[in-house]
Amino acid sequence: MAMALPMPGPQEAVVFEDVAVYFTRIEWSCLAPDQQALYRDVMLENYGNLASLGFLVAKPALISLLEQGEEPGALILQVAEQSVAKASLCTDSRMEAGIMESPLQRKLSRQAGLPGTVWGCLPWGHPVGGHPAPPHPHGGPEDGSDKPTHPRAREHSASPRVLQEDLGRPVGSSAPRYRCVCGKAFRYNSLLLRHQIIHTGAKPFQCTECGKAFKQSSILLRHQLIHTEEKPFQCGECGKAFRQSTQLAAHHRVHTRERPYACGECGKAFSRSSRLLQHQKFHTGEKPFACTECGKAFCRRFTLNEHGRIHSGERPYRCLRCGQRFIRGSSLLKHHRLHAQEGAQDGGVGQGALLGAAQRPQAGDPPHECPVCGRPFRHNSLLLLHLRLHTGEKPFECAECGKAFGRKSNLTLHQKIHTKEKPFACTECGKAFRRSYTLNEHYRLHSGERPYRCRACGRACSRLSTLIQHQKVHGREPGEDTEGRRAPCWAS
């Protein structure tokens, strides 16, 4: 177990008083309700950290009151009276004694802005709980008056702004005083105790709904939003709400088109760091997701799940027009192009009709469902992009040759033809290609792999296009039996 090692000096015993903060009744009454709630949360979290590390024997009386939801009241006053010598020290004396001001004290002091009082250091001569203050250590007045004699005390009494500036400054030396056995140093015991939970693996904060435990109370509060379905962070552009501010910040990049995460290898930029990490696996060749049936590995878990359907025979994608089922969604999209072409020739499916149907969802339907094929989408923007497959709309046109595309990514890929860029090179023979999947097809020439097999004669092919061309020998058109092209029995 990691122990607290003060720097410098011998090892100190950690008790609740090291991380506790006490107030007088006057100070407590100056706090707003949200500040009092902050005090309760921090005290309970500090106690939980100590308990998880095994430093506590008996539960402090302050914690018992806070757990019951009662006001600390008289207990705070009693502790303050017992600690009047500490509370009466001026700022210089506190620095000499090595008394460190906690972050909670500074935060509450800045929020409260108590005039004439440095937090935990009353104006000299101010009675605490009816008890007179002891003689001033710097030769201050002994007549019981509450006039400040400290050089900065008069400024504090006159200007709350100067007080807040002082409260924002660390008291004492800025060097860390507590060091963990792992080498990391902290200025406060409470921060060290929170860090030590990493080494112990303790998770003292448990969710009452599902039983899941967490290392910090802040993470527990964030988790509990899942059960309450509360989404306090709302986008000002589209109104979509999120549970976390980080999710909202990532969502904003959809509207601003900002892509701050760039790949160091190829320069491609992404709006989220997770997508950049996923992309970098293509350069490193890392394939962490392996199939338990055949051992084949993949870069993405989604691709592994698709591959698993080859072994299980599952075909979750069904065409609503003809009932044909497919393993992959991409196969279904290719199949729908046949229906879209037929509908365009008959005048039955047009862009306006599809968009109108998409904007008129029926009762009980998902909010974003394709009116032609029934495929659901989480966002309306994805549905509109998908509808171009049915309408044949191609808004992205090449400035060089005038060829149009339904997606900007396809246009970018096409433009490599004009720039003659071929970023994907074979490591065996050095031949380069514009597309990664063309390189993968080329690799089969070296490996001898032929995954596409004809059902009629059993002939295997290394490319899908070669198999489609071969099927014409048996009297099949390329558009027929689209499902069979990627069926499990076709793979060798």
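Any Cβ shown, glycine's included, is placed from N, Cα and C.
Residues or ranges marked as compositional bias 'Basic and acidic residues' by Swiss-Prot: 139-168 (among others).
The feature compositional bias 'Basic and acidic residues' is assigned by Swiss-Prot to 474-486 (among others).
If you look up Swiss-Prot, you'll see 14-85 marked as domain 'KRAB'.
The region 'Disordered' annotation in Swiss-Prot covers 129-170 (among others).
Swiss-Prot lists 472-492 (among others) with the feature region 'Disordered'.
Residue counts for the zinc finger (178-199) by DSSP state, with H, G and I taken as helix and E and B as strand, are 11 helix, 4 strand, 7 coil. Sequence annotations record features per position, and here Swiss-Prot assigns zinc finger to 178-199 (among others) based on sequence analysis.
Within its own chain, the zinc finger (205-227) is flanked in space by residues 41, 44-45, 48, 194, 197-198, 243-244, which lie at least six positions past its ends and keep a Cβ under 8 Å from the stretch. Taken from Swiss-Prot, the feature zinc finger applies to 205-227 (among others).
Residues or ranges marked as zinc finger by Swiss-Prot: 233-255 (among others). Same-chain neighbours of the zinc finger (233-255): 222, 225-226, 271-272, counting only residues six or more beyond its ends whose CB sits under 8 Å from a CB of the stretch.
Swiss-Prot lists 261-283 (among others) with the feature zinc finger. Taken together, the residues of the zinc finger (261-283) have an average pLDDT of 84.
Taken from Swiss-Prot, the feature zinc finger applies to 289-311 (among others).
Under the heading zinc finger, Swiss-Prot lists 317-339 (among others), citing sequence analysis as support.
Sequence annotations record features per position, and here Swiss-Prot assigns zinc finger to 368-390 (among others) based on sequence analysis.
Below 8 angstroms of C-beta separation, residues 385, 388-389, 434-435 of the same chain, each at least six residues beyond the ends of the zinc finger (396-418), sit close to that stretch. Annotation comment: Swiss-Prot describes 396-418 (among others) as zinc finger.
Look at Swiss-Prot and you will find 424-446 (among others) tagged as zinc finger. DSSP states for the zinc finger (424-446), grouped as helix (H, G, I), strand (E, B) and coil, give 11 helix, 4 strand, 8 coil.
If you look up Swiss-Prot, you'll see 452-474 (among others) marked as zinc finger, on the strength of sequence analysis. For the zinc finger (452-474), the DSSP counts in helix, strand and coil order read 11 helix, 4 strand, 8 coil.
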Which residue counts does DSSP give the zinc finger (261-283) for helix, strand and coil? 11 helix, 4 strand, 8 coil
Any residues 6+ beyond the ends of the zinc finger (424-446) with a Cβ under 8 Å from its own? 282, 413, 416-417, 462-463
